[in-house]
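Encoded as structure tokens, the structure appears first; notes follow it.
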Amino acid sequence: MLELDMENTSLHVAASSGNTEIAKEILKARSDFAWKRNVYGCTPLHLACGKGQLEITRELMKLDSDLCLIPDAEGRIPLHYAAIKGRINIIDEILSASLDSAEATTYNGETILHLAVKNNQYDVVRYLTESINTSKLLNMQDNDGNTILHLATAAKLTAMVAYILKIGIDVNSLNRKGYTALDVVETDASNSGALAIAPALLEAGAKRCDQISPGSAHIQQVAVSTSRMLSENVQRKSMSQSGRTSERRSPSHRHHRQNRHRAKKLDLQNEGLRNARKTVTIVAVLVATVTFTAGINPPGGFSQETGKAVRGDRAAFKVFLVCNIVALFLSVGVVNVLVSIIPFTRKTMMKLLTATHKVMWLSTLFMTAAYIAAIWTIMPDEKGTRWVTVELVVFGGGCTIFVFFGLGFMLTRHWYNKYKWRKVRQKKIKDDSPHSSVSRVEELKMKINQETSSNSDVDSSDHGYHLY
């Protein structure tokens, strides 16, 4: 029922055809299918976004919002599929959960605006520029150096060009061939679309490449672009001999490298969380085993006549008994929770581990106290042995307190850095927000702020460890 063929899973088929109920049932049975890719690198979310299946998109995003950042074989994320097909409702849903996805580029350096323009999705371009801050995207170039204005003029999209000129794009940007948008449109001036576009470009201040002064920033731009292209050609030749490939000089490739680095950090953190869950479970079982054994074999043993604990009347024994019982049942509770709840999202896993981990702190603390009390119970009340009891309390209790104090300090520092990260993130979003779309951006900010903790946790993975 679930595995259909080598290309798609049943969830791919359900997502593509819009069978919401079937998709929900599949997710209940095999939630891991949400991350499965077909031969084209597409996840079920890619197909749902491309087909405009809003309900299925929501179900998949509820499972894990990071699904919207997974690229296909060409580097296109689900948001790109929605832009290509003009699915504005899908775009709105994805941006509400992950505003950062708007800055993702394909392996060819294309932004969401590039893809929308190439596919003549005028409404998508207008929605994006009016809903979010696209100032960083407007003048971005793909790997051929083309901006969205180059693409719109090449395709003779009159309405698209007119709108792009209104939103403040650089009309004299040069692509890798050294052409401006005006050069591109004049290569086929006989076209009726070109006859309408050329005057609009001239009115906006567009120039031909030969009209741009040699010392201008645009000439320097194309010189740098050409230099990069030549450098990349040399690199490709050398890499072919060594069996390597390198595309590090392109800005879009740097962006992809950052995306890959972040995705790698996400994978490392997810793997670390899964291992931490296993570790906490094992430790909880060990603590439960030790405390259970100590409970049925108390310090001092049993009386052969009454079957009662020999040292049961001592205060130290009572302390041992209480601490041992608390440690036992806290550990058993942690085991029951971890084997009963299997989270599939990073945020849920973080919450589960945070709660169970703090309970295990208490459990090990009580187990340590039970051990100290047990030794205290069986120590004879003689002057020559009292120093042993004092040493036990000082070293045993001191080491335990020192460890927990150190961990508490590190955890507090991590939380404080996390708090500062949130404040900086909020300020950055606020500063970047365009005045024309305050209400929409505020709504997106509220959505993003609910998930900022996981992002800052991922960023902290550069330390080589993570606190929770």
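Yeah, the Cβs are placed from backbone N, Cα and C, and that goes for glycine too.
These features come from TrEMBL:
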- 6-38: repeat 'ANK' (REPEAT)
- 40-72: repeat 'ANK' (REPEAT)
- 74-106: repeat 'ANK' (REPEAT)
- 108-130: repeat 'ANK' (REPEAT)
- 144-176: repeat 'ANK' (REPEAT)
- 228-267: region 'Disordered' (REGION)
- 228-243: compositional bias 'Polar residues' (COMPBIAS)
- 251-264: compositional bias 'Basic residues' (COMPBIAS)
- 271-377: domain 'PGG' (DOMAIN)
- 279-296: transmembrane segment (TRANSMEM)
- 316-339: transmembrane segment (TRANSMEM)
- 359-380: transmembrane segment (TRANSMEM)
- 392-416: transmembrane segment (TRANSMEM)
- 447-468: region 'Disordered' (REGION)
- 449-458: compositional bias 'Polar residues' (COMPBIAS)
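Secondary structure of the repeat 'ANK' (40-72) per DSSP (helix as H, G, I; strand as E, B; remaining residues coil): 23 helix, 0 strand, 10 coil. Remark: secondary structure over the domain 'PGG' (271-377) totals 84 helix, 2 strand, 21 coil, with classes taken from DSSP. Only pairs six or more apart in sequence are counted, and the transmembrane segment (279-296) with the transmembrane segment (359-380) gives three or more Cβ pairs under 8 Å, enough to call it a contact. Residues 74-76, 79-80, 83-86, 88, 91-92, 102, 137-138, 140-144, 146, 148, 151-152, 155, 157, 159-160, 163-164, 167, 250-253, 436-437, 440 of the same chain lie 6 or more positions beyond the ends of the repeat 'ANK' (108-130) yet place their CB under 8 Å from a CB of it. Per DSSP, the repeat 'ANK' (108-130) is made up of 16 helix, 0 strand, 7 coil. Within the chain, the repeat 'ANK' (40-72) has long-range Cβ neighbours (under 8 A, six or more residues past its boundaries) at 9, 11-12, 14-18, 20, 23-24, 27, 31, 33-34, 78-79, 81-82, 84-85, 87, 89-90, 93-94, 97-98, 100-101, 104, 106-107, 259, 263, 266, 344-346, 451. Beyond its flanks by at least six residues, the transmembrane segment (359-380) meets 280, 283-284, 287, 290-291, 294, 298-300, 311, 314, 316-317, 319-320, 323-324, 326-327, 330-331, 333-334, 388-389, 392-393, 396-397, 400, 404, 407 of its own chain at Cβ-Cβ distances under 8 Å. Here the repeat 'ANK' (74-106) has, by DSSP, the following mix of helix, strand and coil residues: 23 helix, 0 strand, 10 coil.
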